[in-house]
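TrEMBL annotations:
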- 76-87: compositional bias 'Acidic residues' (COMPBIAS)
- 131-156: compositional bias 'Basic and acidic residues' (COMPBIAS)
- 168-192: compositional bias 'Basic and acidic residues' (COMPBIAS)
- 233-371: domain 'AAA+ ATPase' (DOMAIN)
- 529-665: domain 'AAA+ ATPase' (DOMAIN)
- 67-88: region 'Disordered' (REGION)
- 118-199: region 'Disordered' (REGION)
Amino acid sequence: MPRNFLRQGIDRDVYSIVLKIDADAAAPNPRLGVSAVYDAIKRSNSSLARRKKRELEDSIERVLSQRNEDLRGEFAEGEGGEEDEEEKVIKEAEARVLERDSFLLNKQIAKAWKFGTTSGTVTPATSAAEKNADDVEMKNAEAAETPNGDKAERQANGEPSAKRRRTERREQRERDREGGGGGRAAKEKDRSPPTGVSIRDVAGVDATLKRLLSCVWLPLRGTAAYAQMNYRCDFGVLLHGPSGCGKTTLAHAVAASVGVSFIPVSSASLVGGTSGESEKNIRDIFDEAIALAPCLIFMDEIDSIGGKRESAQKAMEGRMVAELINGMDRVALNTTAGKNVVVLAATSRPDTIDPAIRRRFGVEVAMGMPDEKAREHILRSQSRGLPLDENVDFVELAKATPGYNGADLKHVVTAAMNSALDTELDNVIQQVSSQKPGVFPSDSEAQREWFLLEDQQTIDWARITITMGHFQTGVSKTQPASKREGFTTIPDTNWSHVGALHDIRKKLEMSIIGPIKQPELFAKVGIKPAAGILLWGPPGCGKTLVAKAVANESKANFISIKGPELLNKYVGESERAVRQVFERARASAPCILFFDEMDALMPKRDDSLSDASARVVNTLLTELDGVGDRSGIYVVGATNRPDMIDPAIRRPGRLGTSVYVGLPSPDERVDILRTLYRNTIPADHGARTVPAEVLEAVARDKRCDGFSGADLGNLMQSAAQSCLERVYGSGEEPVISMADWERALREVKPSVKDMRKYESLRSKGI
């Protein structure tokens, strides 16, 4: 026994038991099985008897495998190799089967002769005797198929023996090589360019198409130009962007346009169930691509097989990464002039890819969220061929769908089409119902509709037209991907919901809204958009409301983050969350990134601050410095504790512009209360009968001094509650009276108690 085999204590103990069994026997039994050794161990007093069955059987199998190899080496002249012995066993079994078949045939012939020599009748005793003899001979013949009968081919637990399993596997491999048995080698895969998709099916990605034209089309179709210049191009292209932005559709459309061999690969399908299978699948893909060159490989979700090796949970994951690296290196080295192979990969998480793999993708193409113009093109492309009404305005639909990606817009078109079908179906039901009133009585309206449609064999669908109303219904029914992922889209709040704050509105108009809506005007005079703005002031003064109104007015994508949302108890998770937020903002540019309660996320760095919080602050400062691309990202922070924020956040280039949002003046209180009243009570309701003079008198009341915007909203709710309590149950129309306002003024008190602190901070220039 080689010493390198005795690497485990359990193997050495099992080997000693096997040696004892061989010593007790007259000669080593080459057919000694796992079950026999296992039973011998259980009968012994060895400590192995207390081991788990699975662990023990694995060790026995390793020991017997090594022992049998040693026996074959010692008796090679008499026994031959493993393959010769297996062939010998198979031939002997076939000979015994032939002998049994000929024996049974002779018996049947003999019985036929016997029946022919008699009068055609057989005595019962003779028939029974012959039948018993035949049964015994049949059993003996079946038992002769193996040296010890069928039982010798199986272990004690009923499983086939190791030799039998090896023989079956070898026969299966031979059948696969011959193309039979449904083996994998027998399957021929279609590697022709995809059909049913074209460049016309993708819209709003003009910049991405231009990049792919030079890094995919030219290497595959313009090979003569590269050969003439004796230049080797980049053969790896990484396409990344948020989910649903059209990466997979774009890749198939590009493959159809290029027209070369196309190998689409779902990365998760490369993962095999046995050791080495995953690596082999990756090798086969690259070998096939080199053989089919010029060829385009598309690996979707490459992060599932190319993740960072330091975070790998299994050794197989590291081997797959190494095989992927090796495959891309072989593509770069083995391709000749005119036979290029381009590897196009797609992922929504590029930062999780191993750096060694990412380095081999010489070109990275980022696909972001579509802007208003791109959304218009996508909606037009998805609606091509549909029966549209002439009043459909795609420009208005694009404005109404901020934060929607390509997949969301496709759902909008589908929902609009379904809405049109539902409208036509309702018309058919009403028509049939008017023709057959009371024919199908039912307590359920839905059941009645089904009954009415059972006899309606044909419906004229040609008159269906998709109107603007159907599209608006589709927009309302479709939830954008950004909202599903926890990000807020453009809110419904606009300047009509904001009372007063005219000076603040003008500052934000010049610093954020203007550069987004008219960037060329600001560029002419050399004004760069503000990197960030900090809104600070007492709570309830409208900081968050103003930020939402700015996002709505600018029609930019809007991501709202509560400071504590990014904090995580696990090391590194908070920093990763911060990076993900900025990555999503970059993909959604132009985007307003709003941090509410920023003091919770950016506390002062001192000795009392924990290491985790300090790392979060450092990560935020790094992102705000623009180490990554910050073009089109406008950061707005809000806090009522500016003195608690780290001073580094307020320097120029980060949140250098501070805007104080204080308590409203008496005139501003009048504007705020009128705005609240107008937005709270419906216009068609009789309760909106309070004269403007009453609202002005309430807002200018001395008891409202020190009221914030939130306090005025609370005052409005208190007056409405008093009105409802007064008329509840009487049947009268609820109308807020002056007595209700008086009661509300007595109950509601200012919520801001430390106004002097904010005035002091303002005087210090914070």
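Each residue's number is its place along the chain shown, starting with 1.
Cβ atoms here come from the backbone N, Cα and C positions, even for glycine.
Nobody curates TrEMBL annotations by hand; they come from automatic prediction.
In the predicted model, the domain 'AAA+ ATPase' (233-371) has a mean pLDDT of 86.
According to DSSP, the domain 'AAA+ ATPase' (233-371) comprises 67 helix, 30 strand, 42 coil. Helix first, then strand, then coil: DSSP counts for the domain 'AAA+ ATPase' (529-665) stand at 55 helix, 30 strand, 52 coil.
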